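**Student:** In case it's useful when we look at the structure, here is the feature table from TrEMBL:
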- 1-16: signal peptide (SIGNAL)
- 94-142: coiled coil (COILED)
- 178-224: coiled coil (COILED)
- 226-478: domain 'Olfactomedin-like' (DOMAIN)
- 227-409: disulfide bond (DISULFID)
């Protein structure tokens, strides 16, 4: 029932109550509660027909009741002609009747006031209901706008995922899995487009879960694609010719986006100056650089820059130092227990290369040899903050027989020499603690390699070859099993 109809209903109900009360109560008040009213002379008045008494001069009676324009009750009374005697019984009876009618008028006024109060309450409730109706409309509009923003955010997230699809498609061996991902992205994109036209047609939480699940699977797939087994090494790319016969150069695989600084360290011992070039272009074309002075000279060519710090082996010791290049302060030093140093277990070319620090997709590593492992290569995974050894593997490959070594995706690759014809012929997998002999040739263009390190960001090998700074691209074979995703 609407508010106006409710208001009319209350008024009509009140008037019906008054009329019914008048028709039932008034006759009993004046003693006229029978079907026919008997006058003093024996005349009667029929209530149903409203006929006057047979002798109106000798009797009195209530003739009818009605309502005026304001809804108040009006009574018509037929009274006998008054006599001069004030003590006449009929005069007294008439006076009593008038008093009762006055009482009824007061009661009607009370009912009228109550009716007016109820009407005011109904009008107040009507205004409140109209206000609530307006608020409900505002909430509904706000909800639609909120949903629109949520779906827009999801669509933006999907746009971030789209660039991953072309990368996945480059790997033909995983074409079936890539097509599956592509189909899911297209399906979700189609749903989002439909939701743009009709908001609320799809459950938001379920859609968000599907997007999150797909994102996690794509990230996991990309992580697997970043790693793989080495199957080939490209021809060398000579970046620059500078420095002595031995040295190292590198970039930071964890450098911020858009930063491509180059770090350059000439010689293999008794030097403590590190050059910093702002970019690869500056390194190739100019001699503009900033020089950092390390607190101690380094040993060998196994230094790495990782997450803004340079890690190096302190000269004539088995101590590893982490030095912050921005603040130029030592952040951490730690001894590498039992590691040979001072040309005890160097690579085949010598040069105090006892301890070789490396980085790959999994973090920071140290490659060295110990008396306990009979001079064979030992691999340790290091915490980059504390330099603590997290896990160690002993291999059966003699350190002095290795030309150089590098790690890709947790697998150590060892070359058979450093001069002349060179190849990678030994691989140790840390994830399975197994090894195999392989045959991957690569061109030793300048006949003397004294540094060979992998950069996971560039997916390339950085080499120092007889005073030349060289880059090699690598080819990795990826094996992805969809049941692992």
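The backbone N, Cα and C atoms fix where each Cβ goes, glycine too.
Predicted automatically and left uncurated, TrEMBL annotations should be read as such.
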**Student:** Restricting to the coiled coil (94-142), what is the model's mean pLDDT?
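**Tutor:** Mean model confidence (pLDDT) across the coiled coil (94-142) is 73.
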**Student:** Inside 10 Å of the Cβ of residue 409 (disulfide bond), count up the other Cβ atoms and send me the figure.
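**Tutor:** Step by step: centre on the Cβ of residue 409 (disulfide bond), count other Cβ atoms within 10 Å, giving 19.
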**Student:** Sequence gap of 6 or more, Cβ distance under 8 Å: name the residues on the same chain that satisfy this around residue 227 (disulfide bond), in order along the sequence.
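**Tutor:** Listed in sequence order, they are 361, 408, 409, 410, 476, 478.
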